[in-house]
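All remarks here apply to the structure that follows.
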Amino acid sequence: MHRAACGMPRGADRGNKLVLERQLAEEAQTESRKGMKGKLEPQPLLSLEGCLLAVALRYLWPLLLCSPCLLIQIPEEYEGHHAMEPPVITEQSPRRVVVFPTDDISLKCEASGKPQVQFRWTRDGVLFKPKEEPGVTVNQAPHSGSFTITGNNSNFAQSFQGTYRCFASNKLGTAMSHEIQLMAEGTPKWPKETVRPVEAEEGESVVLPCHPPPSAEPLRIYWMNSKILHIKQDERVTMGQNGNLYFANVLTSDNHSDYICHAHFPGTRTIIQKEPIDLRVKATNSMMDRKPRLLFPTDTSTHLVALQGQPLALECIAEGFPTPTIKWLRPSGPMPADRVAYQSHNKTLQLLNVGEEDDGEYRCLAENPLGSDQHAYYVTVEAAPYWLHKPQSHLYGPGETARLDCQVQGRPQPEVTWRINGIPVEELAKDQKYRIHHGALVLSNVQPSDTMVAQCEARNRHGFLLTNAYIYVVELPAKILTPDNETYMAVQGSTAYLLCKAFGAPVPSVQWLDREGKTVLQDERFFPYTNGTLGIRDLQANDTGHYFCQAANDQNNVTIVANLQVKDATQITQGPRSAIEKKGSRVTFTCQASFDPSLQHSITWRGDGRDLQELGDSDKYFIEDGRLVIHSLDYSDQGNYSCVASTKLDAVESRAGLLVVGSPGPVPQLELSDRHLLKQSEVRLSWSPADDHNAPIEKYDIEFEDKEMAPEKWHSLGKVPGNQTSTTLKLSPYVHYTFRVTAINKYGPGEPSPASETVLTPEAAPEKNPVDVKGEGNETNNMVITWKPLRWMDWNAPQVQYRVQWRPQKTQGAWQEQIVSDPFLVVANTSTFVPYEIKVQAVNSQGKGPEPQITIGYSGEDYPQASPELEGIKILNSSTVLVRWWPVDPAQVKGHLRGYNVTYWWEGSQRKHSKRHVHRGHVVVPANSTSAILGGLRPYSSYHLEVQAFNGRGLGPASEMTFSTPEGVPGHPEALHLECQSDTSLLLHWQPPLSHNGVLTGYVLSYQPLDDGGKEQLSFDLPDPELRMHNLTNLSPHLRYRFQLQATTKEGPGEAIVREGGTMALSGTPDFGNISAMAGENYSVVSWVPKEGQCNFGFQIWFKALGDEKLGAHLPPQYVSYNQSSYTQWDLQPDTDYEIHLLKERVLLHQMAVKTNGTVIVLLLIFLILCFIKRSKGGKYSVKDKEDTQADSEARPMKDEAFGEYRSLESDNEEKAFGSSQPSLNGDIKPLGSDDSLADYGGSVDVQFNEDGSFIGQYSGKKEKEAAGGNDSSGAASPINPAGTLE
């Protein structure tokens, strides 16, 4: 049997969730919604042992105490129950029905019940039979006793007026409707009356009456004129709640003959109007002031009854001149501000939803300058009857006690009466088993024959209440409504709920048994609910099994089985960790959990209690594999984030906090105070604290802007500690200060505050003088005095000037002075390089600045008159020398000695046929040094040297010397080629080094197998410097070698060139991949793609004409290199077939055929070739052309030996690689790099080849490190900004 418990279920802990918990909650909601109560009999004990008895009593004792309050309700699931139902009124007409002339009368009464309900009506307590009345139509629908009366004239409703009541009956009892008062209202008409003009003197009060006809429905009153325009109402003119129009005093403008009162009757949808009233106002020149007098109400006090829960309107309308004002007072207490409203220009006080606390006195006071008048309202709050406890219908089993509670309240206290089946209890026989106790109807030991419908009525003078409630006594066999063999799942440690919803009458007892038929309540973890549910707390794995629910009453007993499966609880093994991250960065939370393998599971994320999801186009959140990544963090992202690991049975949550930190927010507001301090150039600045964004504010930076002198440029005034929000600022005179404040924490400054208002400090004399005062001449006979001008914020006035004073040093003579605006002054007609004392002072309209300091300056310098005396040159190595000289006489410097300029240039190599450059190197040496190291020189070369002293004016005369550098080691040989000769021999080709750096004495050749670590490197000398090739024999056919070649001078071997390769056997059979041939009229081109790693070798190409009819068709074989990749054979016969043979040592490597073209095709090909040559003309040349330029540059003759300057190879390599450049003839050479040709420098021209000797790239040369600047002529460089230095 389904029951509702008196209290909350025991053991409702955190485990009450998911499927079983939701089922239990839904059941409880259903029972609550149905108002179900029931009684559970004590469960029988299976054993009388003390422990078992104690366990049983622990759970049954509350149920025994609760049983009197449990009632029965037949659930919908109780199949096969076709019990009867007592009548229940489902719909009825309102308590008052107003019928208008054109309306039909419709009274409604609907009821449900089994067997079908029968209806009867009474009117004024007398039986009324609608079917027998003329014009009445009764609703024939089941469960309806409603009827409609249709009249044939406008007064028919008058005869049906009265109080009606409906009774609905079947064999189980009678339900009764409330009283329905039917009222008939005719067509509204204004009573006939003679309306006389209303005359008044200007300033008097007037009341225009309305007096509309009465109506059962509330009316709406309007005052309008004949043009259907509303009469304007204000403090002087007001319409009262009674409909009258009140004039506190009339004016001549009120003089109208068409004041019309309109009454709107909503029930009949009719508006009627009163006869127009003529208001005649006589003008007067002597309007008399008078104190207020109340026109409504007219008495001094009024007693009112207000109904609780209804609105209350209190009204006071006064007359007088000037027009009085109305004020409302409540002597008994404060006005309820949340429920009070003032209307009609304060003349009406409206109280909403009146309560008992609104009892008391309310007073209105009318006032004008001449006096006042008042009225007291004494309000008593009463109430129509209302329910405290409304009787409810219930089902009972035989032998139970039935109780219907009827508790009402009202003011005055309502009278409560009972009816049974519509008959007052006073009229029933005295032997009935019911009794009325404290307003409740009580029946003991009820039986099915006691089924009834009872009515409780409550009345006072403000209204009445009626309700029907039935007592239905039934006998029903026990039935378990929960499906049999249900399976319940829960996780370990939680609480499981096994349902056993039983129903019957009497209420069946319910007990839970195990497989052996023993009660499960022996375990204290098992506990029953009054609705039959079995709870099992702290679930364990061995709780899995079958449980049996047995329900029994005096008619039968039934049993079902419930299957319980206990699963592993979900656990978070690694939860997210709290994080502190900077704004704009990203944060990653991770979550790992363990689940029962048989359950589907999920991991979701929540932020501050709301579910997080990846948002469509937004990349804010990224959720995958237990990770939550939040991008572009903002302060709104901080909060608590939790990982929820869940199955359909349980869910666990782990939470972490996110704190977003960053630079502070803007200071919201600035305030300037203590403006009287501006006279002392001070002001107090205060500000509101900025948002610290979770990092304490360390300091505030105070800045200012002068919008007049430097708009949009902010200057710092200083910083104050972060716990300070005001400071007194020391200001400069005459500055238009606009302030802003920026908060700073460890993450940096925030946004600045809004700008403050602008303040202007008064003018004052300068407080500072210019700094960086200097005196230097730019001519031999002047001195230019310069200084750093004052910043505008130090002017202390709109303008500033400078007082410049000067005199020769140590003369103690009079100062010469001049006031200027610009930050410089030129003193003319001075002697050369004379010291002066100089002072510069700031002046403005308010006075002078402080006394300036004296600065020593000098007039203009002249060129030095003497050259340094050279002490000598020390050779440090083949490319570095040390130069020394004696200091120059200071008297000959004619100025400040700035240093020495060392200039040197290469004059030639000691080898024959060398070329000359005049590019000069420079070294600038400080004045306190008398030596210089010249590095990066060419070995085995001659140099010219000059040393000059210089001052601010320029260079003095030079001391000259010539020196030579010794021999050095040469550069690396050029273009080392490897050419296969056989399976055991290689031919090496090379070119001599570009930089000999002395006299070549020969070469050193070394080689070593790469694939055989046991063999040492073999090395031998090649003493012939003119040697260009060498044949290596007895090489291993299957090994790869590294070859190293070095050139030598008497100083030893130089840098090596290295190549790797092997013999013909290592490369394998020669491969002519993608070989093809094309032909013209008298030529053919054979092309192929050399195989990567294939050794270079030589072979022969032989064109053999087919047929002997053509003379000269055979051509001799031609020698070709494999890496050449193509060959062109000329002098072929037109329109002839040729066989092409590729031979090496009489072995045929490849054979193919080609045929030359006829004349027309030849002409076309010639045309295409010419076009191609035209397009490709300019700057392109063959590899062979490049190789032809590798001849030693020292061997090339000068174009013009008389001309001493020419362009170096480095300067030409931007335009052409080698050889094709010509020397410049215009003399405007801009040297780049060093002075020598590449052939004589340490650099080299590197023609790069593969390990097999094939050409793989452009020529490249190593440049000397360029000087730090260039010189446009061969003359001396400026000593102040020398063209460069030689490293």
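Even glycines carry a Cβ here, placed using N, Cα and C.
Curation plays no part in TrEMBL annotations; they are all automatic predictions.
Annotation source TrEMBL lists compositional bias 'Basic and acidic residues' at 765-777. Positions annotated as compositional bias 'Low complexity' by TrEMBL: 1268-1278. TrEMBL lists 87-181, 191-278, 292-382, 385-472, 477-565, 570-653 with the feature domain 'Ig-like'. What TrEMBL records for 666-764, 769-862, 864-969, 972-1067 is domain 'Fibronectin type-III'. What TrEMBL records for 748-777, 1210-1237, 1256-1287 is region 'Disordered'. Positions annotated as transmembrane segment by TrEMBL: 1152-1173.
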Taken over the domain 'Ig-like' (570-653), the model's mean pLDDT: 90
For the domain 'Ig-like' (385-472), the number of residues DSSP places in helix, strand and coil: 6 helix, 52 strand, 30 coil
Contact between the domain 'Ig-like' (191-278) and the domain 'Ig-like' (87-181) (at least 3 Cβ pairs under 8 Å, separation 6+): yes
DSSP residue counts for the domain 'Fibronectin type-III' (864-969), split into helix, strand and coil: 3 helix, 58 strand, 45 coil
Residues in the compositional bias 'Basic and acidic residues' (765-777) grouped by DSSP into helix, strand and remaining coil: 0 helix, 6 strand, 7 coil
Per-state residue totals over the domain 'Ig-like' (292-382) - DSSP helix, strand, coil: 3 helix, 55 strand, 33 coil
